[in-house]
């Protein structure tokens, strides 16, 4: 009986070597990609790996990383969210508008933004769970609606396509210290957002690996029917994931608004796919049930390095997307090769 | 007082009465075997018991109390755990996480991983598999390993009743012994087991009592498993209330024999298919047979005996390690379905909806799918001609409603099957391979399909038929091959076989 032999080979004789254990991690592709990109740009310009250079490319990586981690959780749970990018714009617009035009202090305006974001996330989740429409379509709908809302309301209120002047609002300085300060360290200028990014990554990893909620996320993404059959509240898990993504969008929107003191009405548009790409580089499958928060963070790191590295190397920034595409292919190819190898080991 | 008592359970599906007043009583600490042919209602009964289906009528008492099994979770809370044939595990989680999924050992939302791993390890050890590491991802286990994890999950619920649906199907022989040891251990601890298997020898070894289902009804309750004679069990399973209507076989027709080297020379046509020593490791070995023009050859055997795999290998969907397939005397290149189609084979697969039909598309599109090259001119499709050909087939096979533009998903099972057949007939076939052609087809439409298949054979096609329903194979086929565990154990004219004898061979392998 071949199945019995396979079982014996797999479970009794072959102990898993540490090397193989590393190889089958979902993050592998992104780590390989990150090393390649780092080595490449470090060779192009010594500034790239100086302290100030590092602080420079960690900056874009941090805000992107927060989103990529949240999207990774959602994708492991088997869903997409295309409205997450534009929602970073919406929450920023709400914050600045309420604080500058309606006399709220910055903290209250932030709270209002959070409530709005959670409501959008809840709505996304509810629509997906109730209608069983693909989340790709549902969130494409909310994405377009938010995009229109951002522009329409901003124009209605200000007559322009941006809101600004947050710096004069009460409570600004305190909030900036928490969300958008920068810390000079050994010649570099490190943004506080990096700390938020690391914290979000650590929290997400902890949830995924160590909590009941984490099990449920893998279960609803990997085999929803089986998960339901053993009593996992699949609908609640999914709604929760959409709300988590929305909360991350609020965090990023707040960080960006406090940093620049103004927000464009089209902020965040076009970012939605970047988040997904970072998550996929980090080992998430489009089909759900597989992936890692750390991987998504490293995916964001690759973005940051390519974004600034091209500038350091003195090239035209137009080359950025070329790099991105190459990285996406390299990382996912590595992942799929390794997965196939792992499958063969099983046989 | 029995642990479980089901009374008059009735479950209707559109057009079918799957359960029609079933009674079942299971005592604590016994192994209760559920027997019945395919379609007798075993799966539906399990699904009612595990909370997947709600019965339309009837009463369920568990531990003396009337209960409502509103869903899988409700059943599990009561202590009813089910191990399904298709395993429902999450590949991306570890063994321990799968075992405790949905009832994690957690405090304040945090999983006590060490404790869960230890508890899962203990369950696995109890199952005789201490070598499966609780922290390994389930996707990296073999099918047998996954089965063990599925069992560990059932055990983890502290179930008082465990339903095992063909648990031995995925296991090797030495593992079956292990399974039995575990079942005995469970029952001596007072747990009741409902055991479903087609293998009579297993039922005799492990079972205490047997309940037999037939056509959605209970025909025997609480027979002693060890002593009830096999002919008695087979009689209960086969004694039929629904009559099958089979078309008459040709009474030795006079088709000219062109170079036929069959010594029996019974008036059938030339040899169309010849299979020699075909082997796919792990599925079936050394299978040889032939199909002649105008002949229907049936493969009888249990699910998993290798029937479907033989069919698929003949068609080129699987690559054999040894042996060859000849169509009209020419060898068919192994492992190429496209080649098989070009040479004149057509397959109506088991899973009609997922493997054969484009459900959203129209009847005409589905029928003309395999003949598209005929209708294309310089890359354009001649839709009018395709539609005309489809309409012709719809009329010939009497597909109803006879509307070529209707989406095929709105058709009944029998008419969908006709659409699959029409697809092949549209461009002239030599050999039809039919895998469970009447699955999901109601009784009236079956007779029609049988007549159609016979008509096609009479028109000179060779037909190779696979069915789990022994009466169907015996009634429709001219010649029958009995398949058991990947081997053809018997070959005979269908008229020389009877249902009891074939069932006996299929289930026990005896050739008495």
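Cβ atoms here come from the backbone N, Cα and C positions, even for glycine.
Note: TrEMBL annotation is automatic and uncurated.
Taken from TrEMBL as is:
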type     : residues  : note
TRANSMEM : A:28-51   : transmembrane segment
TRANSMEM : A:57-75   : transmembrane segment
TRANSMEM : A:82-100  : transmembrane segment
TRANSMEM : A:106-129 : transmembrane segment
TRANSMEM : A:190-209 : transmembrane segment
TRANSMEM : A:241-261 : transmembrane segment
TRANSMEM : A:273-299 : transmembrane segment
TRANSMEM : A:319-338 : transmembrane segment
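Touching of the transmembrane segment (A:241-261) and the transmembrane segment (A:190-209) is concluded from the presence of at least three CB pairs under 8 A, sequence neighbours closer than 6 excluded. Under the criterion of 3 or more C-beta pairs below 8 Å, with sequence separation of 6 or more, the transmembrane segment (A:273-299) and the transmembrane segment (A:106-129) do not qualify as touching, having fewer than 3 such pairs. When each of A:28-51, A:57-75, A:82-100, A:106-129, A:319-338 is scored by its Cβ pairs under 8 Å to the transmembrane segment (A:190-209), the top-ranked stretch turns out to be A:57-75.
Only sequence-distant pairs (6 or more apart) were considered; of these, at least three Cβ pairs between the transmembrane segment (A:319-338) and the transmembrane segment (A:28-51) are under 8 A, so the stretches are in contact. For the transmembrane segment (A:106-129), the residues of the chain that approach it from at least six positions outside its boundaries are 79, 81, 83, 87, 90-92, 94-96, 98-99, 135, 138-139, 142, 146, 166, 169-172, 174-175, 235, 238-247, 249-250, 253-254, 258, judged by C-beta separation under 8 angstroms. If one looks beyond the transmembrane segment (A:57-75) by at least 6 residues along the same chain, the residues whose Cβ comes under 8 Å of a Cβ in the stretch are 48, 81, 84-85, 88, 190-191, 193-194, 196-197, 200-201, 204, 207-208, 217, 221, 241-242, 244-245, 247-249, 251-252, 255-256, 271, 274-276, 278-280, 282, 284-286, 288, 291-293, 295-297, 299-301, 303-305, 307-309.
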